[in-house]
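**Student:** The structure is given below, and queries will be raised subsequently.
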Amino acid sequence: MSGQQKTSELVFFVNGKKVTDTNPDPECTLLTYLRDKLRLCGTKLGCAEGGCGACTVVISRMDRGQNKIRHLAVNACLTPVCAMHGCAVTTVEGIGSTRTRLHPVQERLAKAHGSQCGFCTPGIVMSMYALLRSAEQPSMRDLEVAFQGNLCRCTGYRPILEGYKTFTKEFACGMGDKCCKVNGKGCGGGDDTQSVTDDTLFERSQFQPLDPSQEPIFPPELQLTPTYDSESLIFSSERVTWYRPTTLQELLQLKSDHPSAKLVVGNTEVGVEVKFKHFLYPHLINPTQVPELLEVRESEESIYFGAAVSLMEIDALLRQRIEELPEAQTRLFQCAVDMLHYFAGKQIRNVACLGGNIMTGSPISDMNPVLTAAGARLEVASLVGGKTSHRTVHMGTGFFTGYRRNVIEPHEVLLGIHFQKTTPDQHVVAFKQARRRDDDIAIVNAAVNVRFEPRTNVVAGISMAFGGMAPTTVLAPRTSQLMVKQPLDHHLVERVAESLCGELPLAASAPGGMIAYRRALVVSLIFKAYLSISRKLSEAGIISTDAIPAEERSGAELFHTPVLRSAQLFERVCSEQPVCDPIGRPEVHAAALKQATGEAIYTDDIPRMDGELYLGLVLSTKPRAKITKLDASEALALEGVHAFFSHKDLTEHENEVGPVFHDEHVFAAAEVHCYGQIVGAVAADNKALAQRAARLVRVEYEELAPVIVTIEQAIEHGSYFPDYPRYVNKGNVEEAFAAAEHTYEGSCRMGGQEHFYLETHAAVAVPRDSDELELFCSTQHPSEVQKLVAHVTTLPAHRVVCRAKRLGGGFGGKESRGISVALPVALAAYRLRRPVRCMLDRDEDMLITGTRHPFLFKYKVAFASDGLITACDIECYNNAGWSMDLSFSVLERAMYHFENCYRIPNVRVGGWVCKTNLPSNTAFRGFGGPQGMFAGEHIIRDVARIVGRDVLDVMRLNFYKTGDITHYNQKLEHFPIERCLDDCLAQSRYHEKRTEIAKFNRENRWRKRGMAVIPTKYGIAFGVMHLNQAGALINVYGDGSVLLSHGGVEIGQGLNTKMIQCAARALGIPIELIHISETATDKVPNTSPTAASVGSDLNGMAVLDACEKLNKRLAPIKEALPQGTWQEWINKAYFDRVSLSATGFYAMPGIGYHPETNPNARTYSYYTNGVGISVVEIDCLTGDHQVLSTDIVMDIGSSINPAIDIGQIEGAFMQGYGLFTLEELMYSPQGMLYSRGPGMYKLPGFADIPGEFNVSLLTGAPNPRAVYSSKAVGEPPLFIGSSAFFAIKEAIAAARQEQGLTGDFPLEAPSTSARIRMACQDKFTNLLEIPEEGSFTPWNIVP
């Protein structure tokens, strides 16, 4: 076969339609094929590494061995299109649409308010669809597993689960056979999941029933044509050849001819290497039709799995055998199943195979430690002298010979793996610790295979294997030998721990970092294994039940995702409110149905235009250096490459840009200031070519020093932006300190946060006639893009139009940083007179665009013996990166919010904007507020600890009261924080839980719980006065339909939905008559960014202004036709020549405070307040944690749309939870970002939401300063996520107290598993020798 030259024909089906390709590209993914060739853009590119699930599609294939059709959710971003031969692909467009019929999975997600920005929605829909095609009535556990590979950055996951649990077995109805789900009338049924959800947020009775008989049939041609599976295939392109052999002989011959060829089954490793490491494999072999690699057979001693059998198939069969066979025989099976549950996401497990896992040899593989400890037997084959040769290899000592290398020769093929059945005296256990439990790579994992002397706890033999401690999976033979013939008890385990510390060292600079934590995990996981095995020995009566102290037994347990319980409480509209008046009603997001069907168009979904080019960016590979050479000749020599752009194509003035200060460059000029700075751009025919050409551009540097990365380094070098520090003062701090009963000095620190909007930055620029330039841009600030494009091209602004229909998330990251992509794209389009497009890959986006600002706070506080705070002197430092961007405003908000809800009569706040060699950090939801309040909550807890009072009491003592004045001279009006607190305490059963937590902590040594209360006060307004304005335009057409335009951008926050609701009430018409098309600078000029949570406040009032103008014009007509309809009034107005178009404008009154020029004005229009209470449990041995419950009460005035507002609260909480506990940016000491995708950067997933999640909107609290008495909601709830952080800190304190450690201890945010574990000092951490800081160069640092 390897000598075959003819390229085969690729045949597969997509949404029921046959696709035939005579020249497929082996380098092309299914996602690229769907989007670029078939124009099916519902499937999204979110990460390109199989970590976010936005690209999920369903692959259906005929299993001829079992004569059944299998439906699998897969990641289209990793799936090679050549692997689709003989398959049927279903995308989100193929299951339903708004124009024909919605599928129930689309409808329920949308109507349950489970779609906000909508970019992740098609992937989540298809994960659910795949589950229902495999199990018509799944369980809640099935639901949990189905979504392990999907991420959502907006919703907080709760509404998605609430909508989809209506498909599950647990969603039961007491009507039995009379249930409306059975008789096809939809469901308003019951719920066995104990959810107390107020189901008025959505009407379950409106859901259409699921009818499996209506699903698309599997293409008969594929079902009836076995040659699709039996024929050998070869697909060739200029660089790569793809082979699909169908016999073992063919496979071995190919491997003999091409020993370096890669075998590709799921492409989950090779795909990532090709995409991000730019590896080129000229020969790829797909062995999925070779029977010997798909074989499954069972004997008395083992189960044999072919090397290409998928992990999900292995999991299913092992689970079946666990149910059928005696427990003593299935301990290895159970261990494997436990590890597989946390192995990637379901989309990966559906296609990945165990053979690939073994042969890849990752040092942090989840399965290799299990197989190594078990000494798994492998079957290997090769061609020797033209004949097939077989041999057996054992995984164990010597199997792995180096990083990603093993004893299997390049020309050999792994055929399969034997899973041994265990004996009654054998126990196998394994543990994995990662940053996040679901879909994450291990930090350290461990597997133990131990045999005991019959009916004793005396070790007869033991094998311990570890991942994450060396370049390969490693064994601990010396420690294992020490254990032989010894009883497994506490004494032995202590000796084992000490021995392992010596046997498994780790260099202080080892890749991956977290050195002390990883070493601690080795002994901690072995201790968990000891507890787990001892419990089983105790249950078998082999050792005494008292052998393990009762308080230690829970140390063996793992966290499991509980079934969600939730409540959403809000004020219902009064019965007298007209039905057509939507204000206060939980209307569905205006675009939700389009998003759920894949019909919603985002920037990169815009159809390709004739002559369109793609722009590939050339990025700096140095943190600080002079550019000595820039040579694009090699790139320009490629066919299909049309131009290269750099600073040489602009004047110095044109190249200087920035949102406020023009201290940035479109293209780096003489110097680069950070990794990832844009040096140039290549315009080519397509994305792959443009990116390949960009990598060929030669940039030579002369490196400069010093390179400043961290805040501490900036302080050391005095590296601050001009005009800093700045101070805000109130009262007399020095006098207050002199008179104080107590003073305390402390500090706290928190890291940055990646926005991780699911849609990366994107722009399309189209030159028009008359020197016009039209941009479609994923930006929160179209007018800023318009202004800077005009600046760069030297066009007047009226020749540049910027459009933003919708964004796939923003969170502040698209407020100013959109120019990074938009300006090079616009320049290229303008100069080449051709349409140009660019959408950043995830790694590019994370490298280029900056993050939330890391902060360091140093404070001194004065207080009385009862805890009343009298003064605070605080220094605030933020890490701005290399340019100013909006860092000055972020710092100012932090300085204005540090006191949170607490009155401090004497204040001195100093602020420093640190200049470092990082990409410029930027706006992020909260905009410095959460960082400032983080310091305030440390201060209040420090005070409570020192005076020995309960934190809650000290909070109440120091709370602001209505009428108090802040340190920036703003009087607090309508300040309901005590009411929010009281409601939240009652809702959460705070005092009852306090008692329960104390009891739990007494009874458990290695598990601890904590509880924290977090209040929040968030000021609403832009920090600069001129941005607090908005405009609107309303056009009414002859048929009565209304086209509404406003200056805000729909980012997923429901702004368009709310604006439609506002206009509907103002005009007295149904929402169905109103449509918003897009945000565009030619409709509403000079817009402010959609940011600062004021989108509804500003644009809503502008919309009302426009509506009032229309109403005044229509008033005489309505008086003349009092019984007329809206359409009749509009028709009459048209014929009476009354203008049916109106503009609206609003400028927020009473703001613009400046201590010298405008001292009587407000800084903020008003405040949004709330209180959150979280209960958290930690595993002291691993640092893992779980949020058991969260209760939130928010004062958001009179809600315009409670479903959207509650969704914003839940989403903000989860984003804040990620900020404070989970999301860690990893940088090299030179400032290179390691965490450039979901593989290393972990945001919360479905399994991370609180087990009980209750949100209540404060009733009877209208706000006179915003549209329809509402309040801003986007940013204020985010800081409540810190309740998990402070609950974790309380739990750690409980663990430390048992060790006699009663003082304060540092804990940086995020409180990752590493920081939690190392703060829980105990006998295991005390075994470690920690090298002195400064004695080595760490692998990573915190900026």
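Indices start at 1 and increase along the chain as displayed.
Each Cβ is built from the backbone N, Cα and C atoms, and glycine gets one as well.
Computed from a predicted structure; not experimentally measured.
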**Student:** Check Swiss-Prot for me: it has Cys47, Cys52, Cys55 binding [2Fe-2S] cluster 1, so pick out which one of Cys77, Cys82, Cys87 it puts in that same site.
**Tutor:** Cys77
**Student:** Taking Arg925, Arg941, Arg979 as the options, which does Swiss-Prot list with Gln780, Phe811, Ala1092 at the Mo-molybdopterin site?
**Tutor:** Arg925
**Student:** So Swiss-Prot lists Glu815, Arg893 for substrate; which of Phe857, Phe924, Phe927 goes with them?
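**Tutor:** Only hit among Phe857, Phe924, Phe927 in Swiss-Prot's substrate site, alongside Glu815, Arg893: Phe927.
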**Student:** For Arg893 (substrate binding site), what is the secondary structure state per DSSP, taken as helix, strand or coil?
**Tutor:** helix
**Student:** Where DSSP helix means H, G or I and strand means E or B, what are the helix, strand and coil counts for the domain '2Fe-2S ferredoxin-type' (8-95)?
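**Tutor:** DSSP classes over the domain '2Fe-2S ferredoxin-type' (8-95) add up to 15 helix, 31 strand, 42 coil.
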**Student:** Here's one to test understanding: among the binding-site residues Glu269, Gly356, Glu815, Arg893, whose C-alpha is closest in space to the C-alpha of Cys117 ([2Fe-2S] cluster 2 binding site)?
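**Tutor:** That would be Glu815, nearest by Cα distance.
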**Student:** Could you check which of these binding-site residues, Cys47, Cys55, Cys77, Cys120, Cys154, Ala1092, sit within 10 Å of Phe927 (substrate binding site), going Cα to Cα?
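**Tutor:** The binding-site residues close to Phe927 (substrate binding site) (Cα within 10 Å), listed in sequence order, are Ala1092.
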**Student:** Find the one among the binding-site residues Cys52, Cys77, Cys152 whose C-alpha lies closest to that of Leu263 (FAD binding site).
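**Tutor:** Closest recorded candidate to Leu263 (FAD binding site) by Cα: Cys77.
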**Student:** Where does Gly356 (FAD binding site) sit by DSSP, helix, strand or coil?
**Tutor:** helix
**Student:** Are there residues of the same chain, six or more positions away from Glu815 (substrate binding site), whose CB falls under 8 angstroms from its CB, and which are they?
**Tutor:** Pro659, Thr779, Gln780, His781, Glu784, Leu886, Thr922, Ala923, Pro1089, Thr1090, Ala1091
**Student:** Going along the chain, which residues six or more apart from Gly356 (FAD binding site) have their CB under 8 A from its CB?
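**Tutor:** Spatial neighbours, sequence-distant, of Gly356 (FAD binding site): Leu263, Val265, Gly266, Thr268, Glu269, Ala307.
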**Student:** Roughly how many Å lie between the Cα atoms of Cys152 ([2Fe-2S] cluster 2 binding site) and Cys353 (FAD binding site), rounded to a whole value?
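**Tutor:** The Cα atom of Cys152 ([2Fe-2S] cluster 2 binding site) is 27 Å away from the Cα atom of Cys353 (FAD binding site).
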**Student:** Return the member of Cys55, Cys120, Cys353 nearest to Phe811 (Mo-molybdopterin binding site) in space, with distance defined Cα to Cα and candidates limited to these binding-site residues.
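**Tutor:** Comparing Cα positions, the candidate nearest Phe811 (Mo-molybdopterin binding site) turns out to be Cys120.
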**Student:** Please list, in sequence order, the residues in the chain of Cys77 ([2Fe-2S] cluster 1 binding site) that are at least six apart in sequence and whose C-beta is under 8 Å away from its C-beta.
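**Tutor:** Residues satisfying the criterion: Thr29, Leu31, Leu45, Gly46, Cys47, Ala48, Glu49, Gly50, Cys55, Gly271.
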**Student:** Using other CB atoms within 10 angstroms as the count, which residue among the binding-site residues Cys47, Cys52, Cys154, Leu414 scores least?
**Tutor:** Leu414
**Student:** Please report the DSSP secondary structure of Leu263 (FAD binding site), reduced to three states.
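**Tutor:** Once the DSSP labels are grouped into three classes, Leu263 (FAD binding site) ends up as strand.
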